Amino acid sequence: MKLSLVGLVALLAAASTATPLASPIEGSVDASAERWQCRIGGWGGSSTLKETHYQFNKKFGNPRLTMAGHQCYVVKCYQHYFGICNSISYTRKEPSGRRNDAGKAFIDSKGSACTYKAEYAMAYVFAKSSELSLRIELLPAYLPPKPQIAPLNLMEIRISIAGVKRAAFLIARSALRRGSDLGMDTVSRGTIKCTASTVFIISLSLLKLSADSSLVLALDRPAHTAAITSAISGLFLVIFGLLVASPSRDPDADEHDDSILLSDSLLYSPSDPSKAIEKLRKLTSAQTRKASRIIRLAICALALRIEVSRHILHNAECLKPAFFALTPLLLSIYSYWANRRANRANNTQGFDDNAKRSLASTFPILLLITSAFLTSSMSNGWKSTYICPLTGASALFTTLLQILGLVLDTIILIAFSELGRQRTRRSDGRRVQTTVLWGFVLIGVSAIWLLAAFPIYFILPKQRQSLLQFSLPYIGSVMKLTLLFTCVCVSASYIVTQIGILGISFLVSFTFTCISQLSHLWTAFQAFPVIPVFTAGFSIILLHVSGYWYWRSSTVTDQDRKKQSQPRSWIRLIFLALLGLSFVLLVTAKNETPRHPIDTLISRAKTNFGQWVASAKSSQNLQEAVAEYQRRYKQHPPPGFDLWYKYATERSSAVIDDYDQIYEDLLPFRALSPRTLRELTNAMASHPSNYMATVSVRGGTTEIQGSIIPTHRWMVEGVAKMINPFSQFLPDMDLAFNLNDECRVAVPWEKINTLHDSAKSHIRPGTDKLIGSWSENRASTWELSESAKKGADQLFTDASFQQVYGLVGRSVCPPSSMAKTSFMWDKRNVCLNCASPHSLEQFLSDWTLASDICHQPDLSSLSGFYLSPSAFRVSQSLLPVFSQSKVSGFNDILYPSSWNYIDKVIYRPTDQHPDAPYSEKESTLFWRGTTSEGYSSSGQWKGMARQRIVHLANNHTSNPVSILLPSSSSSSSKKNPTSYKYTNIPASKIPEALDLQTSIYLAGQIARCSLSDCSSQKKEFRLGPSTNFQEHWKYRFLMDADGAGFSGRFLPFLQSRSLPFRTGLFRQWLDSRLTAWHHFVPIDIRLHGLWSTLAYFSGAREAVLPDSNAAGPIPDTNKDNKRNGDGNGNKAGDDAKQKPPPSRMMLARRNSENNNAQNDNKKKNNNNNNNNNNNKNNQKTLMEPHTREGELIAEEGRKWAEKALRKEDMEIYMFRLLLEWGRLTDDKRDQLGFQQTRLTVSMRGKE
């Protein structure tokens, strides 16, 4: 076979621009000769042609033909001739025999200069001949749409037809896919690259900020969010890819990827051009199948990654931080392996450029990983107390899931990268864009999750609502997340052609780490949380060095180039700006506070309580009490108010005017008619499944409903006993009391607001037609109608053992609240944004606001009530339920608890269990309790407050604890330090560091849990013995926490000389009369400030060994014998069979206490004092105990409890509550009120 070189040139010219021949060809090469290694196999035709290209250039240098802006030469390979041309727009000058040696210069119109190579995207040209003309047939699948081919006149050209039939030519592709313009100017490419990079970084930053805030509502339902986001983003990417031109590839970034779409099968194409075309079509099909396989792999990997992420979010408390930074390292390893494999396939010796680049990028990646892990340690000062169990496999399982997720991330990125490299084309010849292929992957993932939802929908009917019901805030959060994710994908499809998938991964990790650093530094404007300066500074330096190093190395071209590209100054400025901003934030961080926050809170509480007491009893007589009532509540007092006033004053009530709690509880019921209230009351108690009981008042006598659960009858009897002293002054009425510990009524915010507005419109302060007596025949109006009785069993919904927060908890909050717009997924760290509204640094400053869940979505996982209550029958309609306690937002009517009224627990010190003065008590935080907070079946116990308290005190984890201590720069006097600073101390080191003593254990048996959860808790917690309740008075600090409802021990704690530490969400009637930091010490339910609070009152001492030659801390084994009894607040011999292990918090205990626990209190106190003095000689004092402040709070609480929280005060509160309830249920309630004329007679009668 012979081929006329003139004919070949003519064909090429016609196929491209029909430009006449510029110069004759000077050389060709038979690449099928042995020396040219034109071989079959390897990486296919692409590699074959690449090798041929290289061998030709090595022998001949520059291509021998310049035509129409092309640099072309002829290659003969296995009896096939190929015309190989560099790009029209750019090529590289190759005088040394190796490609891409020269700098950059644009080609002029005559093609006299050629200096910059673009990648290849070839089109195959086949020729058919006739007698006098030659028609060029271009394969449609590989050409831009509607190619314009100039006809060729053979009158001017002589050509061997036999050679033409077997010739194929490669035409350089244009830089723009859709137009005839064969180039894109440098300015346009740079603009697109800059814009895409900016969008990518901004979108990533916003995503990271959302994740760092831990308040992304979309993550409340991760599977739903993933399916919706994948579907919407995938559709957008497909549409975007079909409408917008594909991004231009940057030759700098991809200069080593000379992928030329040529298969080995074409090297053996027969003489019949139609069969050659058929083989090319088969090639197209093969490429499509390859892309399809990659897409399927990506879909499976991404779907599995979503499921892994869902499990990780469920166990977020055990997450290891900064795993994302390991992804670039895995990609770098893969890139190195892939390049070495390609080299072996091509028989290339030594390292190629890609392999060297992969190896060089490892060093900045390692610096980035180090910086990421150091950055994550900056949040050690605010670790959550949510339990990551020390026993069991939870932590290991979560870590393995993270490793699996890391591998899947790597696979997904590689698959996406390969899709971006595919040259898959559609039937019209246009290339399928990267965004289209990525979109197919996301749509496929969404389809998988949709298919998985179908069985759940039909098999589990109870799950249908959760599958299909979406709130507007959730939809809004998902749409924001989808928008950001779509922007990331689109921008990534552009810049991946510039920096490769490894560069994308590095940029993601760099951005995430940088945002985390800035976020941590931004929180350091207050003393809490503390940022370790050295760690922060070192991580900042490493981050910016790694980023600049990686970017600098990525801009350096091959070693064969004559010069390296220089970094652009604006990128240098960006690095310097970020570095400067980080250090400015670090330097301006507030590390110290001049005054201890507790001092501020105690002073503020004293002032606030004084003002409240003055307003709570400002009335000096009945007339003033009536006037104050009208001023406060904009209505007249109810009938019988004078009798109540007399009853209260005769019993020396400390509160006459402030009954805001009653007003707030009853206000929404004003919107319901009296008849409705009466029917609802009796309907609730008519069905036993409602767990309600009725107390009736008839003719001045209380009656108890007969059919009451025996275990709860004491509660109703206590209520009746409380009402009896004043029942003669009450109108006939029925009262429905909640038999469960949990509150029952949670009316959605929108509905309760409407009821409030309606109720306020019904309140009429005027005196026209005022009636001062109750309606007659009230008893008959309380009879239950048949219609109301029929629906009695449907008034409440059983939500026991379910997550209350999602069902009804957040429904009581306004639409704009964090509870409805956010979801706290990160259980590792304290939600600082949630705690800040009611906190002063670590310490709780607003006890009332602290129970409001609306700004604290993290409470959904920190309270047994919200996690999984044991007995919870709830109504979201307004029902008149009287409950002993409730959480914020619920609409139960509070009344004084029978538990305290009938002395179920009582403060009654004895000679055996005396209540010594505060300063003579053991400086130990004491608590005993059971797992009664909620029911645990799926690990809910890890978030319950009681379990967290025990775990915090005894099962020290590796998590550091932030404790406020006098700073080293403070005054040398520990009694009056001039500044304080938070110090991060490992929890396991607290005994040696601070000598804080606790005796906190679960007593009895683990209960209210499934078999697996009970077993897990038994392994995690070693139980303590049940103690005599009166033994509490032995200890200086008493911990109190909620159970299933309120804690019944709090009132006795207040009555003692000990200092109560109180945490919880349930509020009782007495909370409106107490002031935190004046009557008790409030502890945030997160418990993150517990150690700092205990250190303030107990003092902090650093243990020092008496033997200077001894090394290390005092061993824990010595602690067992250093205190009287069993070491857990129990006397020797009490419950010896249930003796718990010694608390690890008890370090350097008293060394010589008397072993006889029956000694009188005076001898015991003398021994304690002597031992304390001996102990102090061996300890370095870090902070003196604030004994005076602690004793003041304990004494104020005790005095106030004796004055305002007596049984008489319970009766007074109940009396006034029932008068208000009597008016609400009277048909003439709008006219009822205490009359002025009756006021005068009443006062004269009293005189």
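Every residue gets a Cβ built from N, Cα and C, even glycine.
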TrEMBL annotation (transmembrane segment) - matching range among 119-138, 159-178, 299-318, 499-518: 499-518
Top Cβ-contact partner of the transmembrane segment (319-337) among 395-416, 472-492, 530-550 (pairs under 8 Å): 395-416
The transmembrane segment (395-416) and the transmembrane segment (570-589) contact flag, 3+ Cβ pairs under 8 angstroms: no
For the domain 'Glycosyl transferase CAP10' (843-1136), mean pLDDT (0 to 100): 85
Most Cβ pairs under 8 Å with the transmembrane segment (499-518), selected from 358-375, 472-492, 530-550: 358-375
Two-stretch contact, the transmembrane segment (358-375) and the transmembrane segment (570-589), at least three Cβ pairs under 8 Å: no
For the transmembrane segment (570-589), sequence-distant contacts whose Cβ falls under 8 Å of one of its Cβ atoms, 6 or more beyond its ends: 514, 517-518, 521-522, 524-525, 531, 533, 536-537, 540-541, 544, 547-548, 551
